[in-house]
Amino acid sequence: MKKKIHPAYSQIIATCSCGNIIEIFSTVNVNLNLDICAKCHPFYTGKQRIIDTGGRVERFKKRFKLIKKDTV
């Protein structure tokens, strides 16, 4: 590697809104504030919420059937 052409690589602190502190290395010399991390993300914690759109789909199909019957 050529000398004096690469950016400075330093240790920074990334702080999550849940309070988790992560020390990482980066060329950006500014500490980061994160909205979500692996400790509080629903995918990693296993506390996923499944959104049930079945009721909406069924209601749409029901409306579509009524319109189709009226026009025929």
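All residue numbers here begin at 1 and follow the chain in the order shown.
A Cβ is built for glycine as well, from the same backbone N, Cα and C atoms used for every other residue.
Cys16 (Zn(2+) binding site) carries a strand DSSP state (E or B). Other Cβ atoms within 10 Å of the Cβ of Cys16 (Zn(2+) binding site) number 18 in total over all chains. The Zn(2+) binding site annotation in Swiss-Prot covers Cys16, Cys18, Cys37, Cys40 and rests on sequence analysis.
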Within the same chain, and leaving aside Cys16, Cys18, Cys37, Cys40, name every residue whose CB is within 8 angstroms of the centroid of the CB atoms belonging to the recorded Zn(2+) site, in sequence order.
Ser17, Gly19, Asn20, Leu34, Ile36, Ala38, Lys39, His41
Secondary structure at Cys40 (Zn(2+) binding site), reduced by DSSP to three states:
coil
Count the Cβ atoms, other than its own, that fall within 10 Å of the Cβ of Cys40 (Zn(2+) binding site), considering every protein chain shown.
16
With the cut-off set at 10 Å between Cβ atoms, which of these binding-site residues ends up with the most neighbours? Options: Cys18, Cys37.
Cys37
